[in-house]
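Data first, discussion second: the structure below is written as structure tokens.
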There are 2 protein chains.
Amino acid sequence: MSAINVAILGATGAVGTRMIEQLEQSEIKINQLKLLASPRSAGKTKSFRGTTYTVEAATPESFVDIDLVLSSAGGAVSKKLLPFAVKAGAICIDNTSAFRMDPKVPLVIPEVNPNDLDWHQGIIANPNCSTIQMLVALAPLDQKYGLRQIVVSTYQAASGAGQSAWNELLDQAQQHLNGNPETASILPVSGAPKHYPLAFNLLPQIDVFEDDGYTHEEWKMIHESKKILRHDMDNPDLKVTATCVRVPVPVGHGESIYFKLNQNPTVTDLKKTLEAAAGVTLQDDPANQLYPQPITAEGQRDTFVGRIRPDYENPGSYNFWVVSDNLLKGAAWNAVQIAETLLQRNLLG
Amino acid sequence: MSAINVAILGATGAVGTRMIEQLEQSEIKINQLKLLASPRSAGKTKSFRGTTYTVEAATPESFVDIDLVLSSAGGAVSKKLLPFAVKAGAICIDNTSAFRMDPKVPLVIPEVNPNDLDWHQGIIANPNCSTIQMLVALAPLDQKYGLRQIVVSTYQAASGAGQSAWNELLDQAQQHLNGNPETASILPVSGAPKHYPLAFNLLPQIDVFEDDGYTHEEWKMIHESKKILRHDMDNPDLKVTATCVRVPVPVGHGESIYFKLNQNPTVTDLKKTLEAAAGVTLQDDPANQLYPQPITAEGQRDTFVGRIRPDYENPGSYNFWVVSDNLLKGAAWNAVQIAETLLQRNLLG
């Protein structure tokens, strides 16, 4: 594996910071590292494998001699800059929603659909954080038993909306504890007309609303799941619906998932399949009060699955509870893992 | 309506305190008020309609001349003391789970099944907080379109586990903000072997686990829903499954509910039906970011419903989001409302 030149676009954000950390911990050999961000963040420094790097303002000319771009600077920035990176010969792994549903762009979770990397044309999309952890848990069951339906309710952490939303949650919590009114200027959606406190509250809005009453986040989960599990081809009967809710947790999304299989395996069968699945840690021992929690998932790369139960009145239908670090498997780690997989498959470097 | 003698059992708890407030605001004329609690709380004082009352230790002899008992001191206390109250001639409205599934005890939400009050034999059970708000929202749809299936994921507030759990959440939040480890000695379940922090976390355990992996809380939602909606008689096809999760919110349960109807009404039809339903406030205007939130539901008697959406791939199936004050409609107000309904029906006083 030869050393490669890597650029991180959005290097100062919550995800970008973790991309640097995950890259540092990976086996990827790096020759040149370029940290790119908005002009506002230019000049900041970051340490990587013992060397200090200065953040530069990203421009269309930033990608000369770059082999790999990890991008998490927002959809508009990706749309504007990644075509220049591709033209300069780089492979781009994009964590925004800009290219996810583009039929020419593979949408990849390495444990689930690594073969989709083979047909990339320069851009590979990282799925939405909520989609990734759901499919890491469901894909092994789909492969073995055939997945027919998903009904998901999410419990999503503030950091999914960025570092500023995370900070806002903590500020509001302190305001509340001090007996003061909570101030809100970011959540539920930055730039939306109305803002509400998240601390000690629940916000059933993630991303903007579509005209049909679903949020963009909910449609992302629906459409991305079908693309990744190849609904249109191998899996024509998969139906998906979602309700996405922001909860006052800094890091770690929870998901309550109801799913229907073609077959009717026992819970023991499901547990065995999940125990053997890559990227899954089973935490399902009710007698010992063992189940996934955000505070134990934070900082981990795996997706944690527990509370597996049959719906006794609907054979073949089940409930389970899934938690993962939305900044790692939901973003930075999945992106770096895609890069590692590209290298293993000789598709990069 | 003649004045009645009322005893409140568990008068110093989070629910008992609100029972006193809700009773104070009701039109029920009260002759004698007796505040009962554990010996530990005896001697405390509470104000009611301008008079100060001293809390007494509850004993089997406490119910002489009492017409109505509102009880919320835990299942064991209800089991021990309410038979004495019935023998003394009182009607008991019990907020614990002690008698809910007893076939001789009506389980009543006044908006949903007031006629079940007619066959009471001294004890009337208040349903579980999560069940009440779900059925206030679903029963009008069941009556009009026939309810076939419920898949519910709850987002339950700390106060559902009592005032001490609420205090623990706030203490933990301050510990976290101070950079200290969070201490836990109550949640998820008082007296359980393990305790976990709820602040900035999610706990997928409410009440103890059954051997089948479901929690007692989840089975309560399933069994109580069927009893209240008369599954065995009028509604043989109703299937219910539940996942119950505690969230770091002081007051106000959220519920993400997926439901299937016999018919296929439009969302406009559903909204009209819910707008006309007793005890429901529709908050469903995505364009103006209007949807139910715990912080706006707290202190209100109604159940708030929003985010109503069809599952486009399963005609007749829908998602919605329901929030209510778990201490009011979920407990104290539902109990006082039962008392008001008894008086209106000449079943009391």
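Just so you know, glycine gets a Cβ as well, placed from its N, Cα and C.
Taken from TrEMBL as is:
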type: ACT_SITE; residues: B:Cys129; note: active site, acyl-thioester intermediate
type: ACT_SITE; residues: B:His253; note: active site, proton acceptor
type: BINDING; residues: B:Thr12, B:Gly13, B:Ala14, B:Val15, B:Arg40, B:Ser41, B:Ser159, B:Gly160, B:Asn326; note: NADP(+) binding site
type: BINDING; residues: B:Arg100; note: phosphate binding site
type: BINDING; residues: B:Gln156, B:Arg246; note: substrate binding site
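Distance between Cα atoms for B:Ala14 (NADP(+) binding site) and B:Cys129 (active site, acyl-thioester intermediate): 13 Å, as a whole number. Binding residues for NADP(+) (B:Thr12, B:Gly13, B:Ala14, B:Val15, B:Arg40, B:Ser41, B:Ser159, B:Gly160, B:Asn326) extend across at most 26 Å, taking the greatest CA-CA distance. Fewest other C-beta atoms within 10 Å: among the binding-site residues B:Arg40, B:Arg246, that description fits B:Arg40.
With the fewest other C-beta atoms within 10 Å around its C-beta, B:Thr12 stands out among the binding-site residues B:Thr12, B:Gln156, B:Ser159, B:Asn326. Here the recorded positions are B:Arg100, B:His253, and the one with the most other Cβ atoms within 10 Å of its Cβ is B:His253.
Relative to B:Gln156 (substrate binding site), the recorded positions with Cα atoms inside 10 Å are B:His253, B:Asn326, the candidates having been B:Thr12, B:Arg40, B:Arg100, B:His253, B:Asn326. Counting every protein chain shown, the Cβ of B:Ala14 (NADP(+) binding site) has 24 other Cβ atoms within 10 Å.
Counting only residues at least six positions away in the same chain, the Cβ atoms of B:Gln156, B:Gly160, B:His253, B:Asn326, B:Leu327, B:Gly330, B:Ala331 sit under 8 Å from the Cβ of B:Cys129 (active site, acyl-thioester intermediate).
With respect to their backbone Cα atoms, B:Ser159 (NADP(+) binding site) and B:Arg246 (substrate binding site) stand 10 Å from each other. The secondary structure of the residue listed as 'active site, acyl-thioester intermediate', as reduced to three states from DSSP, is helical.
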